[in-house]
Amino acid sequence: MPGWSCLVTGAGGFLGQRIVQMLVQEKELQEVRVLYRTFSPKHKEELSKLQTKAKVTVLRGDIVDAQFLRRACQGMSVIIHTAAALDIAGFLPRQTILDVNVKGTQLLLDACVEASVPAFIYSSSTGVAGPNSYKETILNDREEEHRESTWSNPYPYSKRMAEKAVLAANGSILKNGGTFHTCALRLPFIYGEESQIISTMVNRALKNNSIIKRHATFSIANPVYVGNAAWAHILAARGLRDPEKSQSIQGQFYYISDDTPHQSYDDLNYTLSKEWGFCLDSSWSLPLPLLYWLAFLLETVSFLLRPFYNYRPPFNRFMVTILNSVFTISYKKAQRDLGYEPLVSWEEAKQKTSEWIGTLVEQHRETLDTKSQ
């Protein structure tokens, strides 16, 4: 495989940053373009730490800017598209989520065809497959089952529509006469150092006597460590560029997980943070069916008030369902086609994440000390 180049969208995000860190170590990589919507001093510092012979080009722009995307794609061999509006709680406007996740993805696909980029990898979500009900029990789901989410909520709907567009684009004829090859990686909840979701959980718990509020007691899931999620993207990029492997990858979607034990999200939060004195809230909580119907009531109130007032419920039925369902996946297809094996073991992932949580605890203590002086 000759020298190549890659564009990573969402490069400033939790997953995107880790992909870039791994990508620059790839052999014969000549250039990596990193697309940011906003480029902070922290992002600049992270890029300065990269040790690579490849040229690193920073691009600041919007995923819904067609002209910008066409310029960004010129001369690229591979696109890794991680940029997305992630919102399961319903706080972002529906149109914003659809614009970023659906329109942005389609504009990027169009730019690839125009710029004759031969390979495209999409960071999808297990949410495109479900769960559709908290009453469902889905264990070790496989791609062959072809499950599909029926939710109309903007996040799962938009990711499903975007994935369909990506896979439908496979086989398109590029402007130079070549063929466009695409695939999608369906990711569950991603944990690890720098996770904004875990950071928020920790900071809230620190303000609550180190007690972690329960939100997902009834779930059984298999989250994936960020390093392993990123590694799957690197393997997909290799595979689509390899004439021998590409044939079996083109137009396919893959579940990506690792050896993290199947557990509830609440238990995961506790396991990762217990070394620092955190504990789970032991107080009484609403039964799941009642919580679900309360969410329905709040959604109804929001709908009725919409002509007069923009009321955003604190939770909705989709959020209650996805956080309290039994839904696990198998990554055997990724093993077979991509050669995927987790790079980081559960024990190592747990240790790395716990150590990072320790730095958050220390920062909190330093802040309290400063305020008390």
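Even glycines carry a Cβ here, placed using N, Cα and C.
What Swiss-Prot says about this protein:
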- Lys159: active site, proton donor (ACT_SITE)
- Gly10, Ala11, Gly12, Gly13, Phe14, Leu15, Tyr155, Lys159: NADP(+) binding site (BINDING)
- Lys350: N6-acetyllysine (MOD_RES)
- 288-308: transmembrane segment (TRANSMEM)
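Structure with Swiss-Prot features highlighted.
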{"residue": "Gly10", "record": "NADP(+) binding site", "CB count, 10 Å": "23"}
{"residue": "Ala11", "record": "NADP(+) binding site", "CB count, 10 Å": "28"}
{"residue": "Gly12", "record": "NADP(+) binding site", "CB count, 10 Å": "24"}
{"residue": "Gly13", "record": "NADP(+) binding site", "CB count, 10 Å": "20"}
{"residue": "Phe14", "record": "NADP(+) binding site", "CB count, 10 Å": "22"}
{"residue": "Leu15", "record": "NADP(+) binding site", "CB count, 10 Å": "23"}
{"residue": "Tyr155", "record": "NADP(+) binding site", "CB count, 10 Å": "26"}
{"residue": "Lys159", "record": "active site, proton donor", "CB count, 10 Å": "27"}
{"residue": "Lys350", "record": "N6-acetyllysine", "CB count, 10 Å": "19"}
Distance [Cα-Cα, Å, rounded] between Gly10 (NADP(+) binding site) and the residue listed as 'active site, proton donor': 15
The residue listed as 'N6-acetyllysine' and Tyr155 (NADP(+) binding site), distance between Cα atoms, whole Å: 28
Secondary structure at Ala11 (NADP(+) binding site), reduced by DSSP to three states: coil
Span of Gly10, Ala11, Gly12, Gly13, Phe14, Leu15, Tyr155, Lys159 around NADP(+) - largest C-alpha separation, Å: 20
